[in-house]
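Taken from Swiss-Prot, the feature disulfide bond covers Cys104-Cys183. According to Swiss-Prot, the feature N-linked glycosylation site maps to Asn5, Asn11, Asn15. Swiss-Prot lists 377-407 with the feature region 'Disordered'. Under the heading topological domain 'Extracellular', Swiss-Prot lists 1-36, 91-105, 169-199, 290-298. The topological domain 'Cytoplasmic' feature in Swiss-Prot is assigned to 58-69, 127-147, 221-268, 320-407. Look at Swiss-Prot and you will find 37-57, 70-90, 106-126, 148-168, 200-220, 269-289, 299-319 tagged as transmembrane segment, backed by sequence analysis.
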Amino acid sequence: MDYLNDSMFNNMTYNITSTPLPDAPRFDNVYVSKLCVLGTVFVISFFGNTLVIIQIFRIRGSRSTIQSLILNLAIADLMVSFFNILMDIIWSATVEWLAGNTMCKIMKYLTVFGLHLSTYITVSIALDRCFAILSPMSRSKAPLRVRIMITMAWVLSAIFSIPQAVIFQEQRKMFRQGMFHQCRDSYNALWQKQLYSASSLILLFVIPLIIMVTSYLLILKTIVKTSRQFHDTPISPTSMSCYSVNHGQIRTHLFERARKRSSRMSAVIVAAFILCWTPYYIIFLGFAFFQWDNSRTVIYFFTLGTSNCMLNPLIYGAFTIYKVHRGRSGSANSPSGTRLMIMVNKRGRSTTTTTNRMSGSGRRQLTTGQTITQCASLTNPHQPVRPSPGINSTTSPNGKMPTKPPG
């Protein structure tokens, strides 16, 4: 909604028979400032979200669930950029609505549709991370679950945006300069405006906020609980084998790192949504229910809210650059990847073998009288466990290393 044009148009009530016609709203310094801010937000949002979409489409193979969600979020943010920000720029430049009644209804519908979609995709990101952390064993169900959430986000956005097309219409008033057209709401009573404002507040902010905050509180609780269990669980020296180290700790550790990394990114996206939109909805509440009459304040905070579509691609880009930089730093420290072998005996003694995969050289630290069972590679938790080359895993009955291979 263009609150500046709308309020100026609405507040100029007059008696035609007793007072002269007022001046029509005109382009002034307020509009200049608004155009500069909105223009900057639009350019950054357009190029940022376009690059995110291109980057995700260039990914080979199947996309992960978080990548599918980020793709849809970028599409939703592009819709906000065009149907909210760009339309507001054009409308501010012309001051008057010049596109007719049909376009008034269509554009108002698309304006709210983009906001709903961006909000519900952000909620889906929070839910996806919540399922990933709370129920890691259901990874196979994640793609279907995400497709359902994305579909629901699009369908609900389309349904909840319908009232906007019904409420808004082109209206005309006579000013001294002539007939003035504006696209604005057509409530017949104050309670209608308050009812629609309350429903918009609940559907676009309150319910999504509750879901997102609850999801990340559950994530935080689970991570803290898991960390305590990991540090507090003692390792049994009589039953631990290389196989249990590999598939019980190493593999879980790698998956946990991947989940936590994507959870951090999605947490920042959710935090940006809350920080950008909370001030606007507080002002919106006073504007709708307490008859605050400061349209310019609403404009400032609505611009802050729509700038969320500019921040999301910057957040995704920052995490992508950090991931690449971290990967290159790791490669610089170990160009070919260091292969760490862990060999554990039933007495709890261990030996480690560090092998450089490029040169094939390696070094082993052995303990005299040690019983070697199996070894595993930390660099590939999916690799089958097998004895280390050059070290016989057969033990003598007394548990000591044989001096030569048997038979």
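Please read every residue number as a count from 1 along the shown chain.
The backbone N, Cα and C atoms fix where each Cβ goes, and this holds for glycine too.
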(request) For the topological domain 'Cytoplasmic' (58-69), provide the mean pLDDT of the predicted model. (result) 87
(request) Rank the disulfide-bonded residues Cys104, Cys183 by the number of other Cβ atoms within 10 Å of each Cβ and report the first-ranked residue. (result) Cys183
(request) Taking helix as H, G and I and strand as E and B in DSSP, count the residues of the topological domain 'Cytoplasmic' (127-147) in helix, strand and coil. (result) 20 helix, 0 strand, 1 coil
(request) Determine how many residues of the topological domain 'Cytoplasmic' (58-69) DSSP places in helix, in strand and in coil. (result) 5 helix, 0 strand, 7 coil
(message) Below 8 Å between Cβ atoms, which of the listed ranges 200-220, 269-289, 299-319 makes the most pairs with the transmembrane segment (70-90)?
(response) 299-319
(message) Against the transmembrane segment (37-57), which of these stretches has the most C-beta pairs under 8 Å: 148-168, 200-220, 269-289, 299-319?
(response) 299-319
(message) Should anything in the same chain at least six residues away from the transmembrane segment (299-319) have a Cβ under 8 Å from its Cβ atoms, list it; otherwise answer none.
(response) 1, 3-4, 34, 37-38, 41, 44-45, 48-49, 51-52, 70, 73-74, 76-78, 80-81, 84-85, 118, 261, 264-265, 268-269, 272-273, 276-277, 279-280, 283-284
(request) State the non-local partners of the transmembrane segment (200-220) in its own chain: residues 6+ outside its ends, Cβ under 8 Å from one of its Cβ atoms. (result) 112, 115-116, 119-120, 122-123, 126-127, 129-130, 133-134, 160, 263, 267, 270, 273-274, 277-278, 281, 284-285, 288
(message) For the topological domain 'Cytoplasmic' (58-69), give me same-chain residues lying six or more residues beyond its boundaries with a C-beta closer than 8 angstroms to one of its C-beta atoms, as numbers and ranges.
(response) 121, 124-125, 128-129, 132, 142-143, 145-147, 150, 262, 265-266
